[in-house]
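As written in Swiss-Prot, here are the features:
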- 29-36, 56-60, 75-78, 142-145, 171-173: GTP binding site (BINDING)
- SER36, THR58: Mg(2+) binding site (BINDING)
- 21-192: domain 'EngB-type G' (DOMAIN)
- 194-218: region 'Disordered' (REGION)
Amino acid sequence: MQPKLVLENTIYTLEQLVSFNAPQIALAGRSNVGKSSLVNTLAGRKGLARTSSTPGKTRSINFYKVDPDGYYVVDLPGYGYARCSKAEREKWAKLIRRYLVETPAVCAIAILLDCRLSPQKLDVELAAFARQAGLPLLPVLTKADKCKQQERALRQREWRTILGGEVPLLFSSKTGMGKDKLWQELHRLAFPDMAFDTPSDGAPEPADEPEAASERAE
């Protein structure tokens, strides 16, 4: 049975933050990387998270409760949108940092990376921040359907090198690629002490052959 997402709270300042004891996994990424589309894909319906072709539209922290598991997926404002004023960019960057550092329930960061782009400076900096903060990192390459197999494999190799061996998950909101695997990884991060079933061969998917698992029916 697929979990359900329920929008439980939206805040614009940390003073509005409601204390949740349940684990929280932050969704972070550049503006227009596809966070809202990813949330809607996980939910299995359009409209739960508002999407826009204009970068930088999400200017709040949205808390989605995962039922029946009880943990939260927290959608953070996108970063790096050049058309925002410097003061506004700094305001939201500060809010994101404070949330990640000052919220004990945050147990991991899912960093969304545009599969079409080589590693970007702000993404690399966020990955380094997560390591310094001791937060597990789940890298997700979004918009993978827009890239050919060779480009997907290249992007996975680039990020594997940067992340010290961690291979990003391929994901597409359009085709559903990686949806089931992402749910599995989110649950694993929320409840790290629980035992999980592993693939029959027990081996991770090779980085240079990413299509093997992703092209199977979700």
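Glycine residues also receive a Cβ, built from the backbone N, Cα and C atoms like all the rest.
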Around the Cβ of GLY29 (GTP binding site), the count of other Cβ atoms that are within 10 Å: 27
Cβ neighbours of LYS35 (GTP binding site) where a neighbour is any other Cβ within 10 Å: 26
Binding-site residues compared (ASN32, SER60) - highest count of Cβ atoms within 10 Å: ASN32
CB contacts for PHE171 (GTP binding site) [other CB atoms within 10 A, all chains]: 27
Euclidean distance between Cα atoms of SER36 (Mg(2+) binding site) and GLY29 (GTP binding site), Å: 11
Cα-to-Cα gap, SER36 (Mg(2+) binding site) vs PRO77 (GTP binding site), nearest whole Å: 10
In the chain carrying LYS143 (GTP binding site), residues 6 or more apart in sequence that have Cβ under 8 angstroms from it: VAL33, GLY34, ASP114, CYS115, ARG116, SER172, SER173
